[in-house]
Amino acid sequence: RAKKGGKPALDRKTSGNIAPPAAPDAPPATPSWKAKSDAFRNAMQSSRAVSAAIATGAPLPPPVPSAPDPSLVPCPHCNRTFSSGAAERHIPKCTSIRAKPSVLKRGGGGNASKGPATPNGTSGRNNKTSSW
């Protein structure tokens, strides 16, 4: 049967518009929202288990490690992770850093908020005595 435009009708079974079936041995890719949702659900479940153990006095369950974020790029020099744009800026600079610490500790700069040290060993703040 012909359409109004004069083109012959295509049979759906014989047209090339049908996608080939997926490989049976390959699992379907999990969308990112699903992976984030599963990670959140696991975190909530482990939190409930810890709360229940504290309430009953039972021993705490072992901590569940979180999976690293796959969207972050690790630096090969300092092992820190960055977004792709920040990694492009950081990695070339990180190769030329000479005074690189061997271990980076989170919260290692705890004395930075206390201010500069004075010659007598105090921080210079909250001194009760004055020199004038």
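Using the three backbone atoms N, Cα and C, a Cβ is placed for every residue, glycine included.
Those TrEMBL annotations? Automatic predictions, nothing curated.
Pulled from TrEMBL:
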- 21-30: compositional bias 'Pro residues' (COMPBIAS)
- 59-70: compositional bias 'Pro residues' (COMPBIAS)
- 119-132: compositional bias 'Polar residues' (COMPBIAS)
- 71-100: domain 'C2HC/C3H-type' (DOMAIN)
- 1-70: region 'Disordered' (REGION)
- 93-132: region 'Disordered' (REGION)
For the compositional bias 'Pro residues' (59-70), residues assigned helix / strand / coil by DSSP: 0 helix, 0 strand, 12 coil
Residues of the domain 'C2HC/C3H-type' (71-100) by DSSP state, where helix covers H, G and I: 12 helix, 4 strand, 14 coil
